[in-house]
Amino acid sequence: MMFTKSTALALAAIVALSNVNAFSTSIHQPITSKAAHITSSSSLQAANNGLDTDTTLPSFSTKEEYTSYLQKAGRLPSGFAVGTAKGTFVSVEAPALGPLPIKATVIHLTEGPTDSWAAVFTKQSGCPVKVGKARLSGGHPLQALVINNKVSNVCPGGDGIAAAESVCAAVASSLNLPGGANSVLPSSTGVIGWRLPAKELAEDVAPRAIEALQTESAYAAAEAIMTTDRYPKLRSKTLSDGVRVVGVAKGAGMIEPNMATMLGYIMTDATIEKSKLQTMLTEACNRSFNSISVDGDESTSDTVVAIASGLKPLSSEDELKDALFEVCEGLSADLVRNGEGTGHVIRVTISNFPGSEYDARRMGRHLVNSPLVKCAISGNDPNTGRIAGAIGSFMGKFFPTESVAEMSLTLGGRTIFNNGQFVLEGDAVEKELSGHMSDAQLGEHDDFPKHQKFVEIGVDFGGSGSDVIVLGSDLTKEYVEVNADYRS
(Lines of atoms letter the chains of each structure in order from A and count residues from 1; the text may use other names and numbers.)
(Lines give C-alpha, C1' and ligand atoms only; values in the text may rest on other atoms or scores of the structure.)
Protein backbone atom coordinates (compact mmCIF):
# COMPACT_ATOMS: atom_id res chain seq x y z
CA MET A 1 0.00 0.00 0.00
CA MET A 2 1.35 3.45 -0.94
CA PHE A 3 0.51 6.58 1.05
CA THR A 4 -1.20 8.56 -1.72
CA LYS A 5 -3.81 11.19 -1.00
CA SER A 6 -6.49 8.59 -1.65
CA THR A 7 -4.83 6.33 0.92
CA ALA A 8 -4.91 9.12 3.46
CA LEU A 9 -8.60 9.66 2.74
CA ALA A 10 -9.25 5.94 3.05
CA LEU A 11 -7.50 5.85 6.40
CA ALA A 12 -9.57 8.84 7.47
CA ALA A 13 -12.67 6.86 6.53
CA ILE A 14 -11.46 3.95 8.66
CA VAL A 15 -10.95 6.40 11.48
CA ALA A 16 -14.51 7.62 11.12
CA LEU A 17 -15.68 4.10 11.55
CA SER A 18 -13.89 2.90 14.40
CA ASN A 19 21.14 26.90 16.48
CA VAL A 20 24.39 28.41 17.28
CA ASN A 21 27.77 29.10 17.59
CA ALA A 22 30.91 27.33 18.77
CA PHE A 23 33.75 27.68 21.25
CA SER A 24 37.34 26.41 21.80
CA THR A 25 39.57 25.42 24.72
CA SER A 26 38.32 26.51 28.12
CA ILE A 27 40.06 29.67 29.33
CA HIS A 28 40.16 29.83 33.07
CA GLN A 29 41.26 33.25 34.34
CA PRO A 30 41.19 33.59 38.13
CA ILE A 31 40.48 37.09 39.39
CA THR A 32 41.28 38.52 42.76
CA SER A 33 38.08 40.44 43.35
CA LYS A 34 35.13 38.17 44.09
CA ALA A 35 31.74 38.80 45.62
CA ALA A 36 32.52 38.79 49.34
CA HIS A 37 29.00 37.68 50.21
CA ILE A 38 29.22 34.24 48.55
CA THR A 39 28.66 31.51 51.12
CA SER A 40 29.88 27.96 50.83
CA SER A 41 29.15 24.52 52.26
CA SER A 42 32.39 22.61 52.81
CA SER A 43 30.55 19.35 53.30
CA LEU A 44 28.86 19.67 49.92
CA GLN A 45 31.95 20.96 48.10
CA ALA A 46 34.38 18.46 49.62
CA ALA A 47 33.06 15.33 47.95
CA ASN A 48 31.95 14.55 44.43
CA ASN A 49 30.00 11.44 45.33
CA GLY A 50 26.84 13.25 46.39
CA LEU A 51 23.32 12.38 45.30
CA ASP A 52 22.45 12.59 41.60
CA THR A 53 18.98 12.55 40.14
CA ASP A 54 17.90 9.12 38.97
CA THR A 55 17.52 8.61 35.22
CA THR A 56 13.87 7.91 35.97
CA LEU A 57 12.78 9.94 38.96
CA PRO A 58 11.22 7.98 41.82
CA SER A 59 7.62 8.44 42.90
CA PHE A 60 7.07 11.15 45.50
CA SER A 61 4.39 11.33 48.19
CA THR A 62 4.68 15.01 49.11
CA LYS A 63 5.98 18.28 47.70
CA GLU A 64 8.47 18.45 50.57
CA GLU A 65 9.90 15.05 49.63
CA TYR A 66 10.38 16.19 46.01
CA THR A 67 11.92 19.51 47.08
CA SER A 68 14.38 17.80 49.42
CA TYR A 69 15.37 15.36 46.66
CA LEU A 70 16.17 18.19 44.23
CA GLN A 71 18.00 20.29 46.81
CA LYS A 72 20.38 17.42 47.54
CA ALA A 73 20.74 16.42 43.89
CA GLY A 74 21.38 20.03 42.88
CA ARG A 75 24.85 20.30 44.43
CA LEU A 76 26.66 22.81 42.24
CA PRO A 77 29.78 21.95 40.23
CA SER A 78 33.01 23.58 41.38
CA GLY A 79 33.35 27.22 40.38
CA PHE A 80 29.66 28.12 40.32
CA ALA A 81 27.45 30.20 42.61
CA VAL A 82 23.72 30.85 42.32
CA GLY A 83 21.62 33.60 43.87
CA THR A 84 17.97 34.62 43.52
CA ALA A 85 15.77 37.46 44.72
CA LYS A 86 12.17 38.66 44.45
CA GLY A 87 10.89 42.13 43.66
CA THR A 88 7.90 43.97 42.24
CA PHE A 89 7.17 46.24 39.29
CA VAL A 90 4.19 47.95 37.67
CA SER A 91 3.70 47.18 33.99
CA VAL A 92 3.59 50.27 31.79
CA GLU A 93 1.29 48.38 29.44
CA ALA A 94 -1.16 47.20 32.14
CA PRO A 95 -0.88 49.51 35.19
CA ALA A 96 -4.35 48.51 36.38
CA LEU A 97 -2.90 45.15 37.42
CA GLY A 98 -0.94 46.97 40.13
CA PRO A 99 2.40 45.76 41.53
CA LEU A 100 3.39 42.42 40.05
CA PRO A 101 6.03 39.97 41.30
CA ILE A 102 9.27 39.41 39.42
CA LYS A 103 12.31 37.26 40.22
CA ALA A 104 15.93 37.50 39.18
CA THR A 105 18.47 34.68 39.12
CA VAL A 106 22.22 35.20 38.85
CA ILE A 107 24.63 32.37 38.00
CA HIS A 108 28.25 33.39 38.68
CA LEU A 109 31.52 31.72 37.73
CA THR A 110 33.39 32.48 40.92
CA GLU A 111 36.93 31.80 39.70
CA GLY A 112 36.90 33.85 36.53
CA PRO A 113 35.51 33.99 32.99
CA THR A 114 35.40 31.03 30.63
CA ASP A 115 35.42 30.71 26.86
CA SER A 116 34.00 27.21 27.17
CA TRP A 117 30.29 27.81 26.80
CA ALA A 118 27.74 26.66 24.27
CA ALA A 119 24.23 27.80 23.46
CA VAL A 120 21.26 26.89 21.31
CA PHE A 121 18.65 29.57 20.63
CA THR A 122 15.19 29.77 19.09
CA LYS A 123 14.99 30.96 15.49
CA GLN A 124 12.38 33.63 16.28
CA SER A 125 14.39 35.82 18.61
CA GLY A 126 13.31 38.22 21.33
CA CYS A 127 15.65 40.91 22.66
CA PRO A 128 17.56 38.74 25.20
CA VAL A 129 18.17 36.08 22.54
CA LYS A 130 19.53 38.72 20.16
CA VAL A 131 21.93 39.85 22.88
CA GLY A 132 22.93 36.24 23.54
CA LYS A 133 23.60 35.58 19.87
CA ALA A 134 25.76 38.70 19.76
CA ARG A 135 27.76 37.43 22.73
CA LEU A 136 28.40 34.17 20.87
CA SER A 137 29.28 35.71 17.53
CA GLY A 138 31.56 38.18 19.30
CA GLY A 139 33.48 35.39 20.99
CA HIS A 140 33.02 36.92 24.43
CA PRO A 141 34.04 34.86 27.50
CA LEU A 142 31.25 34.53 30.07
CA GLN A 143 31.38 34.96 33.81
CA ALA A 144 27.71 35.39 34.73
CA LEU A 145 24.15 34.79 33.59
CA VAL A 146 21.13 36.84 34.66
CA ILE A 147 17.61 35.52 34.21
CA ASN A 148 14.29 37.18 35.00
CA ASN A 149 10.79 35.77 34.90
CA LYS A 150 7.40 37.49 34.39
CA VAL A 151 8.45 39.68 31.40
CA SER A 152 9.98 38.19 28.25
CA ASN A 153 11.31 41.46 26.77
CA VAL A 154 10.02 40.52 23.32
CA CYS A 155 8.81 43.24 20.92
CA PRO A 156 8.34 45.76 23.74
CA GLY A 157 7.88 49.49 23.42
CA GLY A 158 11.21 51.27 23.72
CA ASP A 159 14.60 49.62 23.28
CA GLY A 160 14.46 46.09 24.65
CA ILE A 161 18.07 45.33 23.76
CA ALA A 162 19.29 48.40 25.65
CA ALA A 163 17.13 47.34 28.62
CA ALA A 164 18.71 43.87 28.65
CA GLU A 165 22.19 45.36 28.33
CA SER A 166 21.57 47.72 31.26
CA VAL A 167 20.73 44.77 33.51
CA CYS A 168 23.87 42.96 32.33
CA ALA A 169 25.94 46.06 33.07
CA ALA A 170 24.50 46.29 36.58
CA VAL A 171 25.35 42.64 37.26
CA ALA A 172 28.88 43.10 35.90
CA SER A 173 29.37 46.18 38.07
CA SER A 174 28.09 44.50 41.24
CA LEU A 175 30.36 41.48 40.67
CA ASN A 176 33.29 43.62 39.46
CA LEU A 177 33.64 41.49 36.33
CA PRO A 178 36.69 42.38 34.21
CA GLY A 179 34.77 41.65 31.01
CA GLY A 180 31.97 44.05 31.87
CA ALA A 181 28.46 43.61 30.45
CA ASN A 182 29.79 41.52 27.55
CA SER A 183 30.66 38.76 30.03
CA VAL A 184 27.03 38.51 31.21
CA LEU A 185 24.39 36.53 29.29
CA PRO A 186 20.76 37.67 29.77
CA SER A 187 17.56 35.61 29.54
CA SER A 188 13.97 36.66 30.09
CA THR A 189 10.71 34.72 30.18
CA GLY A 190 7.13 35.77 30.71
CA VAL A 191 4.61 38.08 29.06
CA ILE A 192 5.36 39.03 25.46
CA GLY A 193 5.03 42.71 24.52
CA TRP A 194 5.71 44.25 27.93
CA ARG A 195 8.70 46.48 28.59
CA LEU A 196 11.39 44.92 30.73
CA PRO A 197 11.41 46.61 34.17
CA ALA A 198 15.14 47.24 33.75
CA LYS A 199 15.39 49.86 36.49
CA GLU A 200 13.84 47.58 39.11
CA LEU A 201 16.00 44.65 38.01
CA ALA A 202 19.25 46.60 37.71
CA GLU A 203 18.94 48.66 40.88
CA ASP A 204 17.08 46.31 43.22
CA VAL A 205 16.29 42.71 42.31
CA ALA A 206 19.53 41.63 40.59
CA PRO A 207 21.81 43.21 43.24
CA ARG A 208 19.89 41.36 45.96
CA ALA A 209 20.24 38.14 43.98
CA ILE A 210 24.00 38.73 43.98
CA GLU A 211 23.93 39.26 47.74
CA ALA A 212 22.25 35.85 48.01
CA LEU A 213 24.91 34.00 45.98
CA GLN A 214 25.79 30.58 47.43
CA THR A 215 27.79 27.61 46.18
CA GLU A 216 25.65 24.82 47.61
CA SER A 217 22.74 23.97 45.31
CA ALA A 218 21.19 24.98 41.99
CA TYR A 219 17.71 24.36 43.39
CA ALA A 220 17.04 28.06 44.05
CA ALA A 221 17.62 28.82 40.37
CA ALA A 222 15.28 26.03 39.27
CA GLU A 223 12.57 27.55 41.45
CA ALA A 224 13.15 31.23 40.63
CA ILE A 225 13.01 30.93 36.83
CA MET A 226 9.51 29.42 36.85
CA THR A 227 6.47 31.20 35.38
CA THR A 228 3.39 28.98 35.00
CA ASP A 229 5.45 25.94 36.00
CA ARG A 230 3.86 24.02 38.85
CA TYR A 231 7.17 22.81 40.25
CA PRO A 232 10.93 23.25 39.65
CA LYS A 233 12.95 21.00 37.33
CA LEU A 234 16.53 19.92 38.01
CA ARG A 235 18.74 17.05 36.85
CA SER A 236 22.31 16.12 37.76
CA LYS A 237 25.02 13.57 37.05
CA THR A 238 28.46 12.94 38.54
CA LEU A 239 31.04 11.32 36.26
CA SER A 240 33.42 8.59 37.38
CA ASP A 241 36.27 11.13 37.58
CA GLY A 242 34.27 13.47 39.83
CA VAL A 243 33.26 15.94 37.12
CA ARG A 244 29.74 17.19 37.80
CA VAL A 245 26.92 18.17 35.42
CA VAL A 246 23.87 20.00 36.80
CA GLY A 247 20.99 21.42 34.78
CA VAL A 248 17.87 23.44 35.55
CA ALA A 249 15.02 24.35 33.20
CA LYS A 250 11.70 26.12 33.06
CA GLY A 251 8.80 25.86 30.69
CA ALA A 252 5.20 24.75 30.87
CA GLY A 253 3.48 26.39 27.89
CA MET A 254 4.67 27.55 24.45
CA ILE A 255 6.71 24.35 24.28
CA GLU A 256 7.43 23.41 20.67
CA PRO A 257 11.06 23.17 19.62
CA ASN A 258 12.84 24.97 16.84
CA MET A 259 16.57 24.69 17.61
CA ALA A 260 15.81 24.92 21.32
CA THR A 261 12.84 25.20 23.60
CA MET A 262 12.10 27.03 26.89
CA LEU A 263 15.00 28.08 29.15
CA GLY A 264 17.66 25.62 30.25
CA TYR A 265 21.02 26.12 31.96
CA ILE A 266 23.58 23.34 32.31
CA MET A 267 26.68 23.80 34.45
CA THR A 268 29.76 21.61 34.59
CA ASP A 269 33.23 21.90 36.10
CA ALA A 270 34.80 19.86 33.28
CA THR A 271 37.69 21.10 31.18
CA ILE A 272 36.36 20.81 27.63
CA GLU A 273 37.03 22.54 24.32
CA LYS A 274 34.19 24.90 23.50
CA SER A 275 33.73 23.49 19.99
CA LYS A 276 33.30 20.01 21.45
CA LEU A 277 30.89 21.31 24.09
CA GLN A 278 28.84 22.97 21.36
CA THR A 279 28.66 19.75 19.36
CA MET A 280 27.61 17.82 22.46
CA LEU A 281 24.92 20.36 23.38
CA THR A 282 23.46 20.56 19.88
CA GLU A 283 23.21 16.78 19.63
CA ALA A 284 21.73 16.49 23.12
CA CYS A 285 19.13 19.17 22.33
CA ASN A 286 18.12 17.49 19.08
CA ARG A 287 17.51 14.22 20.90
CA SER A 288 15.73 15.76 23.88
CA PHE A 289 14.36 19.32 23.86
CA ASN A 290 13.75 19.18 20.09
CA SER A 291 11.70 16.02 20.57
CA ILE A 292 8.99 17.38 22.86
CA SER A 293 5.84 19.45 22.50
CA VAL A 294 3.16 20.62 24.91
CA ASP A 295 1.02 22.88 22.75
CA GLY A 296 2.78 23.44 19.42
CA ASP A 297 3.56 27.11 20.11
CA GLU A 298 7.19 28.18 19.85
CA SER A 299 8.53 30.71 22.33
CA THR A 300 10.52 33.78 21.29
CA SER A 301 12.82 33.44 24.31
CA ASP A 302 13.96 29.83 24.01
CA THR A 303 17.53 29.32 25.16
CA VAL A 304 19.65 26.38 26.27
CA VAL A 305 23.12 27.18 27.62
CA ALA A 306 25.93 24.85 28.70
CA ILE A 307 28.84 26.46 30.52
CA ALA A 308 32.04 24.90 31.87
CA SER A 309 34.16 26.36 34.66
CA GLY A 310 37.14 24.23 33.63
CA LEU A 311 38.19 23.49 37.21
CA LYS A 312 38.44 19.71 36.82
CA PRO A 313 40.28 17.56 34.27
CA LEU A 314 38.02 15.38 32.15
CA SER A 315 38.89 11.70 31.79
CA SER A 316 36.33 10.76 29.14
CA GLU A 317 34.61 13.03 26.62
CA ASP A 318 32.17 10.23 25.83
CA GLU A 319 31.12 10.04 29.47
CA LEU A 320 30.52 13.80 29.54
CA LYS A 321 28.54 13.56 26.30
CA ASP A 322 26.35 10.83 27.78
CA ALA A 323 25.87 12.78 31.02
CA LEU A 324 24.91 15.94 29.14
CA PHE A 325 22.33 14.02 27.15
CA GLU A 326 20.97 12.31 30.27
CA VAL A 327 20.50 15.69 31.97
CA CYS A 328 18.84 17.19 28.87
CA GLU A 329 16.64 14.14 28.37
CA GLY A 330 15.49 14.23 31.98
CA LEU A 331 14.76 17.96 31.90
CA SER A 332 12.81 17.67 28.66
CA ALA A 333 10.63 14.92 30.13
CA ASP A 334 10.12 17.02 33.25
CA LEU A 335 8.97 19.95 31.10
CA VAL A 336 6.24 17.91 29.46
CA ARG A 337 5.14 16.33 32.75
CA ASN A 338 4.96 19.84 34.20
CA GLY A 339 3.22 21.28 31.13
CA GLU A 340 0.35 23.67 31.61
CA GLY A 341 -2.66 21.56 32.51
CA THR A 342 -0.92 18.29 31.61
CA GLY A 343 -3.01 15.30 32.64
CA HIS A 344 -1.03 12.66 30.75
CA VAL A 345 2.46 12.52 29.26
CA ILE A 346 2.50 10.84 25.85
CA ARG A 347 5.60 8.96 24.71
CA VAL A 348 5.69 8.11 21.01
CA THR A 349 8.35 5.61 19.96
CA ILE A 350 8.85 5.69 16.19
CA SER A 351 10.78 2.86 14.57
CA ASN A 352 12.03 2.43 11.00
CA PHE A 353 10.63 5.73 9.74
CA PRO A 354 11.20 5.99 5.95
CA GLY A 355 13.08 9.27 6.18
CA SER A 356 15.50 11.30 8.28
CA GLU A 357 15.46 11.58 12.06
CA TYR A 358 14.36 15.20 11.59
CA ASP A 359 11.27 14.11 9.65
CA ALA A 360 10.60 11.30 12.09
CA ARG A 361 10.52 13.88 14.90
CA ARG A 362 8.20 16.04 12.79
CA MET A 363 5.80 13.13 12.48
CA GLY A 364 5.98 12.42 16.19
CA ARG A 365 5.25 16.04 17.05
CA HIS A 366 2.40 16.08 14.53
CA LEU A 367 0.90 13.13 16.37
CA VAL A 368 1.25 14.54 19.89
CA ASN A 369 0.02 17.97 18.72
CA SER A 370 -3.20 16.59 17.23
CA PRO A 371 -6.09 18.14 19.22
CA LEU A 372 -8.18 15.01 18.63
CA VAL A 373 -5.45 12.72 19.96
CA LYS A 374 -4.82 15.03 22.91
CA CYS A 375 -8.49 15.19 23.88
CA ALA A 376 -9.01 11.44 23.57
CA ILE A 377 -6.08 10.74 25.87
CA SER A 378 -7.23 13.43 28.30
CA GLY A 379 -10.51 11.55 28.67
CA ASN A 380 -8.85 8.11 28.90
CA ASP A 381 -10.72 7.28 25.68
CA PRO A 382 -8.85 4.71 23.55
CA ASN A 383 -10.10 6.16 20.27
CA THR A 384 -7.33 4.51 18.31
CA GLY A 385 -8.61 5.81 14.99
CA ARG A 386 -7.51 9.28 15.98
CA ILE A 387 -3.93 8.07 16.35
CA ALA A 388 -4.01 6.39 12.94
CA GLY A 389 -5.71 9.43 11.43
CA ALA A 390 -3.00 11.80 12.68
CA ILE A 391 -0.30 9.57 11.20
CA GLY A 392 -2.22 9.31 7.92
CA SER A 393 -2.59 13.09 7.78
CA PHE A 394 1.16 13.62 8.11
CA MET A 395 2.20 10.87 5.72
CA GLY A 396 -0.37 11.90 3.11
CA LYS A 397 0.99 15.46 3.11
CA PHE A 398 4.72 14.86 3.31
CA PHE A 399 5.43 11.24 2.29
CA PRO A 400 2.58 10.34 -0.10
CA THR A 401 4.56 7.72 -2.03
CA GLU A 402 5.92 5.78 0.93
CA SER A 403 4.60 2.29 1.54
CA VAL A 404 3.02 1.55 4.91
CA ALA A 405 2.24 -2.07 4.19
CA GLU A 406 4.36 -3.15 7.14
CA MET A 407 3.28 -0.39 9.54
CA SER A 408 2.00 -1.42 12.95
CA LEU A 409 0.69 0.64 15.88
CA THR A 410 0.71 -0.20 19.57
CA LEU A 411 -0.94 1.48 22.53
CA GLY A 412 0.30 0.54 25.97
CA GLY A 413 2.32 -2.25 24.36
CA ARG A 414 -0.76 -3.84 22.75
CA THR A 415 -1.00 -4.02 18.95
CA ILE A 416 -3.96 -1.96 17.72
CA PHE A 417 -3.21 -1.70 13.98
CA ASN A 418 -1.37 -4.17 11.75
CA ASN A 419 -1.35 -5.23 8.09
CA GLY A 420 -3.56 -2.31 7.09
CA GLN A 421 -6.34 -2.88 9.61
CA PHE A 422 -7.23 -2.33 13.24
CA VAL A 423 -6.91 -5.17 15.74
CA LEU A 424 -9.64 -4.29 18.23
CA GLU A 425 -12.02 -7.05 19.21
CA GLY A 426 -13.96 -7.33 22.43
CA ASP A 427 -14.63 -5.20 25.47
CA ALA A 428 -11.53 -6.55 27.19
CA VAL A 429 -9.29 -4.72 24.72
CA GLU A 430 -11.16 -1.44 25.23
CA LYS A 431 -10.89 -1.84 29.00
CA GLU A 432 -7.18 -2.66 28.81
CA LEU A 433 -6.36 0.39 26.67
CA SER A 434 -8.45 2.74 28.79
CA GLY A 435 -6.83 1.32 31.91
CA HIS A 436 -3.38 2.03 30.49
CA MET A 437 -4.33 5.69 30.04
CA SER A 438 -5.93 5.96 33.47
CA ASP A 439 -2.86 4.48 35.12
CA ALA A 440 -0.68 7.22 33.59
CA GLN A 441 -3.00 10.07 34.59
CA LEU A 442 -1.66 12.99 36.64
CA GLY A 443 -3.58 15.12 39.12
CA GLU A 444 -5.04 18.40 37.85
CA HIS A 445 -3.20 20.59 40.32
CA ASP A 446 -0.19 18.52 41.36
CA ASP A 447 2.62 20.73 42.67
CA PHE A 448 5.13 17.88 42.42
CA PRO A 449 5.49 14.87 40.08
CA LYS A 450 3.78 11.93 41.75
CA HIS A 451 4.93 9.39 39.17
CA GLN A 452 6.89 9.05 35.92
CA LYS A 453 4.40 7.05 33.84
CA PHE A 454 3.59 7.58 30.14
CA VAL A 455 0.81 6.82 27.69
CA GLU A 456 2.91 4.67 25.37
CA ILE A 457 2.31 4.82 21.61
CA GLY A 458 4.47 2.77 19.25
CA VAL A 459 4.67 3.36 15.50
CA ASP A 460 6.76 0.86 13.53
CA PHE A 461 6.98 1.29 9.76
CA GLY A 462 8.81 -2.00 9.26
CA GLY A 463 11.84 -2.41 7.05
CA SER A 464 14.65 -0.07 8.05
CA GLY A 465 14.82 3.63 8.78
CA SER A 466 15.06 6.23 11.53
CA ASP A 467 14.24 5.63 15.19
CA VAL A 468 13.20 8.48 17.51
CA ILE A 469 11.22 9.12 20.68
CA VAL A 470 8.92 12.14 20.98
CA LEU A 471 7.13 13.33 24.12
CA GLY A 472 3.89 15.30 24.29
CA SER A 473 0.94 16.02 26.54
CA ASP A 474 -2.83 15.86 26.44
CA LEU A 475 -5.20 18.85 26.35
CA THR A 476 -7.25 19.65 29.46
CA LYS A 477 -9.62 22.29 30.78
CA GLU A 478 -6.86 23.41 33.12
CA TYR A 479 -4.65 24.34 30.15
CA VAL A 480 -7.35 26.74 28.96
CA GLU A 481 -7.83 28.17 32.45
CA VAL A 482 -4.09 28.76 32.97
CA ASN A 483 -3.71 30.62 29.68
CA ALA A 484 -6.94 32.58 30.12
CA ASP A 485 -5.56 34.04 33.37
CA TYR A 486 -1.85 34.15 32.43
CA ARG A 487 -1.05 37.87 32.75
CA SER A 488 -2.76 38.29 36.10
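Each Cβ is built from the backbone N, Cα and C atoms, and glycine gets one as well.
What Swiss-Prot records for Thr227, Lys250, Thr261, Glu340, Asn483, Ser488 is substrate binding site. According to DSSP, Lys250 (substrate binding site) sits within a strand segment. Same-chain residues at least 6 positions away in sequence with a Cβ under 8 Å from that of Lys250 (substrate binding site) are, in sequence order, Asn149, Thr189, Ala222, Ile225, Met226, Thr227, Asp229, Lys233, Met262, Leu263, Gly264.
Look at Swiss-Prot and you will find Thr261 tagged as active site, nucleophile, backed by sequence analysis.
Its Cβ placed at the centre, Glu340 (substrate binding site) has 24 other Cβ atoms within 10 Å.
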